[in-house]
Amino acid sequence: METKILDGLKISKKIIKKIKKKIEKRKKKRKKIPGLAMIVIGNNPASLIYVNKKREACNQAGFFSIYWHLSNQIEEIELINLIKKLNKNKCIDGILIQLPLPIKINYLKIITSIDPKKDVDGFHPYNLGSLCQNNPQFRSCTSKGVITLLKKYKINIHGLYAVIIGSSNIVGKPMYMELLLAGCTVTIVNKNTKNIKTYVKKADLVVIAIGQPNFLYGHWIKLGAIVIDIGINYLYNKNKYKIVGDVHFKSTSVKTSYITPVPGGVGPMTVVSLLENTLQACIM
């Protein structure tokens with residue numbers, strides 16, 4: 001069957017252009033420009049790439065951004081103190097902590113130290129809890145990006161049976177709520193689930209985010225299913241790195257109605273969702 005590629009890169013560029021026009025209007029009216037603070041700890045190659053893409057997007061949209069690249073040796077209290085200063089800084093509308101964090105740093109302590117009004121990543125318990133009530137201040141960027149991408153391609157998911165592979169706080173759980181609110185019947189599975197394949201074979205919509213390259217093959221997929229690949233993995237081959245998703249694209253794409261590529265699918269939509277949230281924080 002003919003498969004349509006969900007081109008997140010193309011859609012994100014269009015959204016950034018619209019955001020840029022809004023920023024230009026704000027500048028003409030001498031209104032405040034959105035400000036985003038980004039913090040990355042250590043030298044994880046993937047984290048550095050993600051942050052650079054976010055910085056680049058800020059520049060394209062006309063945002064003010066500031067960047068901290070901190071050592072792995074930083075103490076938890078030092079990071080919390082930096083966040084507290086940024087909470088008080090009126091030039092900063094959004095605070096982003098690039099994940100993952102070093103093992104010695106408590107993720108929940110860091111996230112809850114961010115002012116919920118500046119939690120543009122949508123990970124604060126306040127915002128995640130509000131999402132359950134369909135009234136979040138900020139929606140988590142990746143799951144928001146997925147929903148936006150589906151809407152831009154006019155894909156109606158209401159009434160579909162959706163399976164999410166991966167139950168992380170960052171992607172799986174927010175994605176579960178987004179799909180539930182969109183009218184899907186949702187099952188979430190993880191590494192502890194037995195016979196994952198049996199759930200996936202019944203799914204109209206599959207979302208995967210587990211960080212395992214080529215985990216999902218085409219023979220798992222129901223003919224005509226929609227597949228959203230959120231995984232980003234770096235494989236070293238022939239003296240260079242290749243980016244692949246959690247889905248084996250070649251075998252899966254021949255069975256799907258819609259599929260996201262990696263790279264160029266969900267990643268750019270995550271970045272543009274961050275810009276939308278930061279602009280919203282500025283306007284609030």
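Using N, Cα and C of the backbone, Cβ positions are placed for all residues, glycine too.
Annotated features, as they stand in Swiss-Prot:
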- G166, S167, S168, I232: NADP(+) binding site (BINDING)
Indicate whether G166 (NADP(+) binding site) is helix, strand or coil by DSSP.
coil
Counting every protein chain shown, other Cβ atoms within 10 Å of the Cβ of S167 (NADP(+) binding site) number 18
Who sits close to G166 (NADP(+) binding site): which same-chain residues at least 6 apart have their Cβ under 8 Å from its Cβ?
G172, I188, N190, V207, I208, A209, I210, I230
So the record assigns G166, S167, S168, I232 to NADP(+). If I measure every Cα pair among those residues, what is the longest distance in angstrom, as a whole number?
16
Same-chain residues at least 6 apart in sequence whose Cβ lies under 8 Å from I232 (NADP(+) binding site):
A46, G211, I243, G245, V262, P263, G267
What count of other C-beta atoms do you get within 10 angstroms of the C-beta of S168 (NADP(+) binding site), across all chains shown?
17
